[in-house]
Amino acid sequence: MNDRAQELVDSMGIKLLLAAILIWDFITCAFGFNVSADNMIRIGLKRRPLDLYSVKGARIYAKDHHKRGSNRNFDALKDEIVYLKNYMDVQYFAEIGIGSPPQKFAVVFDTGSSNLWIPSSKCIFSIACYLRSRYRSRLSTTYTKIGKSCKIPFGTRSVRGFFSQDNTKVGNAVIKQQVFTEVTREGFFTFLRARYDGVLGLGFQDVAAGRVTPVWYNMLLQRIVTKPIFSFWLNRDPKSSFGGEILFGGVDSTHFRGQHTYVPVAQNGYWEIEIGDLFIGNNSTGLCRGGCPAIVDTGTSFLAGPTTILTQINHAIGAEGIVSMECKTVFSNYGNLIWENLISGLQPGRICHRIRLCKHNVSFDENVHSYEKKMVVRNSKLEKLSNDESALCSFCEMTVFWMQVEVRKERTKEKAFEYVNQLCEKLPDPRGKSFINCDVFSLPHITITIGNKSFPLSPDQYVIRIENNHGAHCVSGFTALDVHPRRPLWVLGDVFLRAYHTVFDFGNLQVGFAESA
């Protein structure tokens, strides 16, 4: 099946689901079944504070797979994102029940995945399983055996188990015969300190392992809720024991101010939307002026984005970074040449290919000056420093982008070079988070453009404060995520969702944001 056909099948699946709901509406009205048009399920969220261990251990991963069409041109490749995380930084969870009588489990309600999974009583070789609630099928009178094995991606690894079927209680509602995964193998270090038992995915069926029907779909099909929307509100008061609320089938007007700004879902696998330019203070970063994909994810605490922009944010907010000698060496060897090419009007996307630091999938300009060729041949320092051509290419492209921003601002060459050199010392640490001064009053707002409207984050919203026995520590709420240089991906996690009440409109395939109350 080709890509277009698969897209049509996925789209048709959603339409058939909604059509089934409409038919059921007609039947219940015609025959007088007692179904309320305002059925809703409220789920109160619990919140745990982040600690340094969970912050340092949090990771977000995304792989970019390319599917070739009939055209062999690089631009014709279809990008398909596989989005993964390890849930170490999860803060919000709630309790559900599985089985009859219900066995209780604390789960993460996660729009970034689609499966329901919890530990199994048959998980006997993983110490982590013994530290949390485990499902015991023999204790449930409504259990139905499936037994098919499955693997759910989880960070760089996966959890393994098998499918089962049982009644699932969410709030006061019971979903009949929900398919879920009994996990029999969990990573030791990944789950040892987790505060939750499993995950309840609220994404789309086409990215569910085994393509099983997600919980949210069954809520609609079984008429547990009648409106195909759900909404998230996260409490911004850090002292409150009430973490927030999920409302299935409706929107609570007390949780937001003004009107929601709605944007279409760009890809059905995830709640993926398109965002526009990002501003640091009043200064445009420029990278996403033509649009960038962003996944709206309730299952991660941070706001993730491309290193190119996060380095600029680190610099602006005084966050700690790592000094990159590759970045500095590329800049010192090619800075003047990059500047000259930008000033001369050469297309920025061709500069790194022209100086032979980016060699893949590009027809090189045969008229490259011999001076440029000699620079590549003689650059022995660069060859000794790194054999990773893709890394050198990335640093070159970042340097070009940063200089391009300075050229647009009409900065002098001296000022531009000083700024780029500083950015090479502020790269986000891929192994951890960036610490910053807890005095946040002087820091700039970071603003994301969505649907041609500005959504600013104030310093107290994007700075995460961690209290422990040694006092307070503050870390940046931004973390790096690099998928593909030509498709910068963002993840709008809890840092953003605490500031903005969010509506996930399944019926119209759109997401709405309004200022949180």
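Placement of Cβ uses the backbone N, Cα and C atoms for every residue, glycine included.
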From Cys123, Cys150, partner that TrEMBL gives for the disulfide involving Cys129: Cys123
Secondary structure tally of the domain 'Saposin B-type' (389-430) (DSSP, helix then strand then coil): 31 helix, 1 strand, 10 coil
Helix-strand-coil residue split for the domain 'Saposin B-type' (322-362), DSSP-based: 26 helix, 1 strand, 14 coil
Beyond the flanks of the domain 'Saposin B-type' (389-430) by at least 6 residues, Cβ under 8 Å: 283-287, 307-308, 310-312, 314-315, 319-324, 326-328, 330-331, 334-335, 338-339, 342-343, 348, 351-352, 355, 357-360, 382, 478-480, 482, 485
